[in-house]
Amino acid sequence: LSQSLFALFASSLAISLVFAIIPLCHNVVVLAVVMAVAGLAMGCIDTISNMQLVKIYQKDSAIFLQALHFFVGFGALLSPLIADPFLSDTNCILSNSTANSSSNLPHIRKSLVPHHPGNLSHYDLPMKGMVVTRVSYAFWIMALINLPVPIAVFFLLYKERMVPCLASSSHPLLSADELAMETRPAEKDELPTTGQKPPGAGGHDDLFSCCQSKNFRGASYTYFAVHITGALVLFMTDGIVGEYSGFIYSYAVEEPLSVVHKVAGYLPSLFWGFITLGRLISIPVSYRMKPATMVFINVVGVLVTFLLLLIFSYSVVFLFVGTASLGLFLSSTFPSMLAYTEDILQYRGCATTVLVTGAGIGEMVLQLLVGSIIHDRGSYSFLVCGMIFGGLAFTFYLFLLFFHRMYPKPTSGKKA
C-alpha cells in the first residue's frame, strides 16, 4: 500500500508540474517529452487506483470501481468547459492582415474535412507577428485544480506513518484499516481451503509481485485465457470510446447528414455527458446486479446501437439519440469487466494491469485505424468500423464466458 501511495503521489504531482510547464514549451520536441511524462503519470494513476480498489474491497470493489470511473468521465466532461473560455475564434498572431485572416478561419475549418481537403492556397494567414493567446491560463488553472490531489495523498501517507523522515504522533486514519479487515483475513481463509495460492497470488507486500514468473508456474491455460479475452473486450470497447468521441464531429458535418458545425460540436459533449451519467447510474445498479450481467448488457447495447445508427444513417435526430445511447452502454463496461475478471481470479489485482494496458492500446490503435479508413473510404465507414468493433467485443465476451466455465474452482484440500 505504501508503494502504491508513493507512486500516486509522484504521478499526480507530475501532472500538475506538466500542465504548468506546457505553456512554456516553445519547441515541439520539448513539448512531446513533457506530454510523454504526463501520459506515463496518468497510466500509473489509472493502473494503481484500479488495482488497489480491487485488492482492498474485493467482492465490494464493483461499486467503488463504478464510482472511480464516474469521476474519470466527470473530469473528461468538465475540463473542456474550463478551457473553452480561453480558446480564441480568431487568429492568435497579430499583424497588418489580422482582420482579413480572422474572417477566413471559418472557411478554412469548413475546407479541412477528413478526406478530399479543399484548396487552401487562396486563404492568407499571417505566420509572423506578435502572438496573443490566453490558452496558457487554461493549463495553469488545470494545474492548480489538480494540486490538492498530491497534497491529499501525501497527507494520507503522513497520517498512516508511511513517510520515513516524518513521524506522526497522531493515530493512523485507518486504525480499523479496510486493508486489514478485507485483505488479510481473506488470505488466511483461503489458504486452508485451497491448499496453495492460486496462480498470480503474489501477496500484498510487493507492488510488482504480479510480474514475477514464479507465480505463473503450473497455471492452467484458462488462467491466461481469462486475462487475454478480458483485455480484448476492453481493447474493443475503450477503442470505440476513443474513435467515436474523436470522429463523430467529422462524420456529422460530412454528407449525407451535413450537420451545421456548431450543432455537430455538441455531439462529443453529449457522448461524454451520457458516459458520465451512465457511470453515476451504475454505482447503485452495481450493488444489485452482477458485473457479468452488466458487461453483457453493455456489449449487446453497443452492437444494437451501431446497427440502428447504420439503418438510420440519414437521420440527424437519431444520430443524437444513438450517441447518447452509445455513451450509456459504454459507460460502465470498463469497471464492470474489471470487477468480473478479478472475481474469476479471486481478487488478486494482477488482471488489472493487463486489462488497463489492453484498454489503453485499444484507445490508441483504433483511433489511428479508423482515421486512416475514413480518409480512404469516406465517412460512412466510421459507423461500419464501429459495428465491426462492437461485434468483436461481443465475440470476445462469449469466449470469456466459456473460459470462466472452464476455469478451475478452489476446492477443499485440493490445488486450485
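The count begins at 1 with the first shown residue.
Each residue, glycine too, has its Cβ placed from N, Cα and C.
Note on the transmembrane segment (30-49): residues 4, 7-8, 10-12, 14-15, 18-19, 21-22, 68, 207, 352-353, 356-357, 360 of its chain, located 6 or more positions outside it, place their CB under 8 angstroms from a CB of the stretch. If you look up TrEMBL, you'll see 30-49 (among others) marked as transmembrane segment.
Taken from TrEMBL, the feature transmembrane segment covers 61-82 (among others).
According to TrEMBL, the transmembrane segment annotation covers 137-158 (among others).
As annotated by TrEMBL, transmembrane segment applies to 223-251 (among others). Among residues of the same chain six or more beyond the transmembrane segment (223-251), those with a C-beta under 8 A of the stretch's C-beta atoms are 113-114, 199-200, 216, 257, 264-265, 267-268, 271-272, 275, 295, 298-299, 302, 323, 326, 330, 333-334, 337, 340-341, 344-345, 351, 354-355, 357-367, 369-371, 374, 379, 382-383, 385-386, 389-390, 392-393, 396-397, 399-400, 403-404, 406-407.
Among the features that TrEMBL reports, transmembrane segment is placed at 263-281 (among others). Here the transmembrane segment (263-281) has long-range neighbours at 66, 69-70, 72-74, 76-77, 80, 241, 244-245, 248-249, 252-253, 319-320, 323-332, 335, meaning same-chain residues at least 6 beyond its ends whose C-beta is under 8 angstroms from one of its own.
Beyond the ends of the transmembrane segment (293-312), by six or more residues, the same chain brings 233, 237, 240, 282, 285-286, 318-319, 322, 325-326, 328-330, 332-333, 336-337, 340, 383-384, 386-387, 390-391, 393-394, 397 to within a C-beta distance below 8 angstroms of the stretch. Under the heading transmembrane segment, TrEMBL lists 293-312 (among others).
Sequence annotations record features per position, and here TrEMBL assigns transmembrane segment to 318-340 (among others).
Feature annotation from TrEMBL assigns transmembrane segment to 352-374 (among others). Long-range contacts of the transmembrane segment (352-374) within the same chain: residues 43, 46-47, 50-51, 54, 114-115, 210, 227-228, 230-232, 234-243, 246-247, 250-251, 334, 337-338, 341-342, 381-382, 385, 389, each at least 6 residues beyond the stretch ends and with a Cβ under 8 Å from a Cβ of the stretch.
The feature transmembrane segment is assigned by TrEMBL to 380-403 (among others).
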Using a cut-off of under 8 Å between C-beta atoms, tell me which stretch among 61-82, 137-158, 380-403 contacts the transmembrane segment (318-340) the most. 61-82
Mind checking which residues reach the transmembrane segment (137-158)? Cβ under 8 Å, same chain, six or more beyond either end. 2, 5-6, 8-9, 12-13, 15-20, 22-23, 79, 82-83, 86-87, 166, 168, 173
